[in-house]
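Straight from Swiss-Prot, the features:
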| type | residues | note |
| --- | --- | --- |
| BINDING | N18, L20, G45, E66, D91, N112 | S-adenosyl-L-methionine binding site |
Amino acid sequence: MSNKVHLGHTARKRFGQNFLTDGNVINRIVGAIAPDNDHVMVEIGPGLGALTEPVANGIDKLTVVELDKDLVERLKEHPTLKHKLDIHQGDALKFDFSQLVEEGRQMKVFGNLPYNISTPLMFHLFEFAEQIENMHFMLQKEVVLRLSASPGTKAYGRLTVMAQYHCQVMPVLEVPPHSFTPAPKVDSAVVRLVPYKTKPWPCKDVDQLRHLTTTAFNMRRKTLRNNLKHMISDEEFAALGIDATLRPEQITVQQYVAMANLVIDKK
C-alpha cells in the first residue's frame, strides 16, 4: 500500500496533507490544548481525526473547518464524532472565525496545519485575536522558529513582528517526520499562541503596522533608512531613538509599533 494512504484515505499534495499518527505526540498536544466546555473549541483541518477524537472525547461540542470534501463526508459518518461535530466545509484562509464566537465564550483554536498555507493562515487568524483565548498549531519547525524569534536573528522577520504584536508565543514540542503518514520532508513543532488581552505596545492602525513591516523586510540586507525612506525621515528616526543604519531584523516589535504610530500621526 502507498505510504500516502492512511485509514483508507490518500493524502492530497495540493491540500498539504500529512496525517499525525504518533499516539504519544497526540496525547501531549491534547494535554497542551486542554479541551473544555468553557470555550468554543475550533479545529482547523481535522483530517482523519487524530486530534479530533481525543479532543472531542472530553467536551460536548467541537467545531471543525475542513476544505477536503472527502474528509468532511467521513467526519459526518464517524460513529462517535458525528453527534459532537459542527462541521464547516471550506477554506480556513477565507473563513470568518468571528461567527463561531458565542456570548461569553472565546475560542480555543488548534490544528495540524497544512504547511503550504500556515503563514497566510496565521495572518488571517490574527484578525480575530481579540476573540481567541489561545491557539495550538502543528507547524513546520522553521515557522515556529520564525514565530518565536528574537531581534538580531536570521529567523526574525515580518511574521515574527506581527505574531509577537498580537500574541505571546511559546514553542511546546518538536515532532519528527516519522510521526506522520506520509512523512514530511521537514521537522515539525507545536506552538502555543496566546493573544494579549491588553497589548504591551498598542498600534493605532494594525494595517499600517502590517504595511510598514512588509516594506521594511522586503529587502532584508538593506538598512531601515533605505527601505523606509519614503515613510520616515532621518529626523523622525532620531526622534524615535531608532538607528536608521540598522537592518530590519535588528528592530524590536516595540520599535516597529512606534514607527507605525508615527506614520499614522502624520496622515
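Cβ coordinates come from backbone N, Cα and C, glycine included.
Structure coloured by features recorded in Swiss-Prot.
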residue	record	DSSP class
N18	S-adenosyl-L-methionine binding site	coil
G45	S-adenosyl-L-methionine binding site	coil
E66	S-adenosyl-L-methionine binding site	strand
D91	S-adenosyl-L-methionine binding site	coil
N112	S-adenosyl-L-methionine binding site	strand
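The number of other CB atoms found within 10 A of the CB of N18 (S-adenosyl-L-methionine binding site), across every protein chain shown, is 25.
Pairwise Cα distances among N18, L20, G45, E66, D91, N112, which the record gives as the binders of S-adenosyl-L-methionine, peak at 20 Å.
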